[in-house]
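K.L.:
Below you'll find the structure I mean.
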Amino acid sequence: MPTTVDDVLEHGGEFHFFQKQMFFLLALLSATFTPIYVGIVFLGFTPDHRCRSPGVAELSLRCGWSPAEELNYTVPGPGPAGEASPRQCGRYEVDWNQSAFGCVDPLASLDTNRSRLPLGPCREGWVYETPGSSIVTEFNLVCANSWMLDLFQASVNVGFFFGSVSIGYIADRFGRKLCLLTTVLINAAAGVLMAISPTYTWMLIFRLIQGLVSKAGWLIGYILITEFVGRRYRRTVGIFYQVAYTVGLLVLAGVAYALPHWRWLQFTVTLPNFFFLLYYWCIPESPRWLISQNKNAEAMRIIKHIAKKNGKSLPASLQCLRLEEETGEKLNPSFLDLVRTPQIRKHTMILMYNWFTSSVLYQGLIMHMGLAGDNIYLDFFYSALVEFPAAFMIIVTIDRIGRRYPWAASNMVAGAACLASVFIPGDLQWLKIIISCLGRMGITMAYEIVRLVNAELYPTFIRNLGVHICSSMCDIGGIITPFLVYRLTNIWLELPLMVFGVLGLVAGGLVLLLPETKGKALPETIEEAENMQRPRKNKEKMIYLQVQKLDIPLN
């Protein structure tokens, strides 16, 4: 009798030595995705800066000024309402090479009042207050060119979008292993080339290429590890695969602290990809994919290898494998199926909004922390730590309480934390950090749960399409986020947090409109998906229960 891979793994080991070995190898892949996803915090760090004015350095040296005195005497003030632009993007139109300038308040010798001196653009570049370097300091991505930093981060999310859309087809067509190794190789090459890019344009091109393949490779790793384990372990393994990403956040903070120059940082975080090429000899092809390609003999050989590694033996009867697919009529899904009926249309709209919101808040909070934090390395490290309890809370709650309430609560906590942080005064920095960490934990939980629930709300024949369409909003959000964060902070540092707060609270409220999926079988048809939120009052079932009740006394 034909059996499925899950049936065989029950005898050959669902999560034993082989699967643990594969998980460790693929978890390393998950951890190295971190620098591409949120590395903008360190690669694009914008330090305090001011216009470079010819003659100022010589005058400062002659007068023996301290850095604070040089800043006070030669640089425009911050402007009204604490606006930083005049200080950072303008300079006095003064010839500092004049010998008439004294060493004590040199501008006082001019006939014009200091506040009325004309300001000009930074023609000679900028002076940056940092011992290291970033793409901002090297390519002068400040003032009129600051939008180029937004474009840099948006480009990697554009790559994520197209890479994620195409990876499902490519992995199904050519296999998981070949696709994984190809993405790793391209990612490694593009990462090194970006580290040695001579111009901003070339750097942008190689970052886009990294985006095209890096998230795709991360997703293939996720697919592989969930296909190697038995059905009972898939959800837990999937969550811990993303915990490995969190470990990558902690490592990234340490590496960035040790390597404050962006080219060395980019080169270092790219190096592990060359190690992953050795996976050619370590990781086999997915047996499930081989069966889908009618390569049952090779699939059986790999499964026997898995059983041997696990110290298990397979019964002689388990020799004929089949896919876990129904033999019924094949349906061709379309986007219209996601919006044709009222309940599925509601599910689609809410899921798309929540994917978008999760991406905007998760990436946005990290970017905003890089702008507002006192110590970006420690702030980044501490905020990453809260992702561990977030994963633990998901594991504890989703099968006990359900999906809907933890999901809604996590969105609302994230939104409320963002709004609360706006009104905390600057001298209570410790409280601001605690509230920010709560927000980060909330949105991390929401991000994880939406991945799980997305597949549980759609019927079988449109499930994959629904997941791909809805999750694509995650990358759309990632494209918008850098423009949202960096442009709004130019108006007011806390303004992005107000936007994040509203988005999070609305997302939490919308989640409550979705049905609970805990303990429910995955819907097979549109009718089942439409009736998920309604109690079933089936007449035949009622008659059956009545007959069953009457039969009991007769026995």
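Going from the start of the chain as shown, residues are counted 1 onward.
Glycine residues also receive a Cβ, built from the backbone N, Cα and C atoms like all the rest.
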K.L.:
On the question of membrane sidedness, does Swiss-Prot record Tyr233 and Cys103 within identically named topological domains?
P.N.:
no
K.L.:
Which residue from Asn72, Asn97 is recorded in Swiss-Prot as N-linked glycosylation site?
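P.N.:
Of Asn72, Asn97, Swiss-Prot lists Asn72 as: N-linked glycosylation site.
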K.L.:
Taking the Cβ of Asn72 (N-linked glycosylation site) as the centre, count every other Cβ atom within 10 Å, in any protein chain shown.
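P.N.:
Around the Cβ of Asn72 (N-linked glycosylation site), 12 other Cβ atoms lie within 10 Å.
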K.L.:
With CB pairs under 8 Å as the measure, which of the listed stretches 349-369, 376-396, 433-453, 465-485 comes out on top against the transmembrane segment (239-259)?
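P.N.:
Ranked by Cβ pairs under 8 Å, first place goes to 376-396.
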K.L.:
Per DSSP, how many helix, strand and coil residues does the topological domain 'Extracellular' (43-150) have?
P.N.:
44 helix, 11 strand, 53 coil
K.L.:
Quick check: do the transmembrane segment (495-515) and the transmembrane segment (151-171) share at least 3 Cβ pairs under 8 Å, counting only pairs 6+ apart in sequence?
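P.N.:
Counting Cβ pairs under 8 Å, fewer than 3, so no.
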K.L.:
Cβ under 8 Å to the topological domain 'Extracellular' (486-494), counting only same-chain residues 6 or more beyond its ends: which ones?
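P.N.:
For the topological domain 'Extracellular' (486-494), the nonlocal Cβ contacts are 85, 146-147, 149-150, 367-368, 371-372, 421-422.
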